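S.K.: Quick paste from TrEMBL:
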SIGNAL    1-28  signal peptide
DOMAIN    22-222  domain 'GH16'
ACT_SITE  Glu108  active site, nucleophile
ACT_SITE  Glu112  active site, proton donor
CARBOHYD  Asn116  N-linked glycosylation site
Amino acid sequence: MARLTSLKYSAAILILLYALTFSFSVSARPATFLQDFKVSWSDSHIKQIDGGRAIQLILDQNSGCGFASKSKYLFGRVSMKIKLVPGDSAGTVTAFYMNSDTDNVRDELDFEFLGNRSGQPYTVQTSVYVHGKGDKEQRVNLWFDPSADFHTYTILWNHYHAVFYVDAVPIRVYKNNEAKGIPFPKFQPMGVYSTLWEADDWATRGGLEKINWSKSPFYAYYKDFDIEGCAMPGPANCASNPRNWWEGANYQQLSAAEARQYRWVRMNHMIYDYCTDKSRNPVTPPECVAGI
C-alpha cells in the first residue's frame, strides 16, 4: 500500500511539473484582456467591456491609443476578433501586429486596416519586416464590411511560413526560404500589439483623403484574445519542439482548400503588391519568386 501511495504521489508530481512547463508555452484561449495584455498608450482611451472580455479603443483629437502583450513569443498563433471603425473613417489606422521591438534589426508581421470614406471598401495592408528590412507591403480590399460585426484576424508563425488570415481565409503568405538565401524571422521573439491612430498623411488614397474630426471620436472593438505559442522567457526547447501543434503537418503549408482561397483573394481583391511594383522594385525581390 505504501508503495502504491508513493507511485501515485510521484505521478501527481510529474503531472504538475508537466502542467507548469506546458503553461509557459501554450495558453488556452480566448482570454480576458488583462490576462495577456496591458495598455501601452493612453489608458484613458481604452475601455474594458464585459468584465474585460472585450475592449473599446478610442481615437479623438487628443490622442489615439494602444495595447501590448505582457510576454513575447517565439512561434505560435495569435488571433483576435475586431470590429473596425464604422462610417467615415478616412485617415484612421487600426493596427494589429507582432513586433520584436529591436529597433534596426526588428522583425514584424503587421495587419493595418486603413480607414475609408463611407461606402468605400475597407483596405487591409499587410507588412513584413525581417532583420530590419521592410518594404514588403501588400493591400487587399476586404470583401465584407468589417465595421458591421466582429471578424477574426490571425497570424500563424512557425518554422515554415508566416500566414495572415481573415476569418480563416489566408490573404498573405511569407514562406521560409532560407535555403535560397532569403531571410526569415525565427530568432527573435515578438510581442503582440494593437493601436488605433491618425495617419491621414498616407492611410487613405495615399493621403488625399484627410481625417474628418467632426466624426470623432472613432471607436474600434476587440474581443476573444487568443495567443498560443512559446512565451519568452520560458523553456529553452519550446520554440524548437516539433510537437507544438502549430508546427504540425497540417500547418506547414496551405491546404488545398486554403490555396484556392488564397488565389481567389489575390485574383479578386488584391489592389497592391510590392512584388509587382516595378517603380519600387525594377528587379523582382527574391522572396516573390520563391512561391508559397
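Placement of Cβ uses the backbone N, Cα and C atoms for every residue, glycine included.
Automatic, uncurated: that is what TrEMBL annotation is.
It should be emphasised that the depicted structure is a prediction, and the values quoted were computed from it without experimental measurement.
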S.K.: Around the residue listed as 'N-linked glycosylation site', how many other C-beta atoms are within 10 angstroms of its C-beta?
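M.R.: Step by step: centre on the Cβ of the residue listed as 'N-linked glycosylation site', count other Cβ atoms within 10 Å, giving 24.
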S.K.: Just to confirm my parser: what is the rounded mean pLDDT across the domain 'GH16' (22-222)?
M.R.: 92
S.K.: What whole-number Å value do you get for the CA-CA distance of Glu108 (active site, nucleophile) and Asn116 (N-linked glycosylation site)?
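M.R.: Cα to Cα, Glu108 (active site, nucleophile) and Asn116 (N-linked glycosylation site) are separated by 25 Å.
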S.K.: What is the number of other Cβ atoms found within 10 Å of the Cβ of the residue listed as 'active site, nucleophile'?
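M.R.: Taking all protein chains shown, the residue listed as 'active site, nucleophile' has 21 Cβ neighbours within 10 Å.
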S.K.: With an 8 Å cut-off on Cβ-Cβ distance and a minimum sequence separation of at least 6, pull the same-chain contacts of the residue listed as 'active site, proton donor', or say none.
M.R.: Val93, Thr94, Ala95, Tyr97, Val124, Gln125, Thr126, Ser127
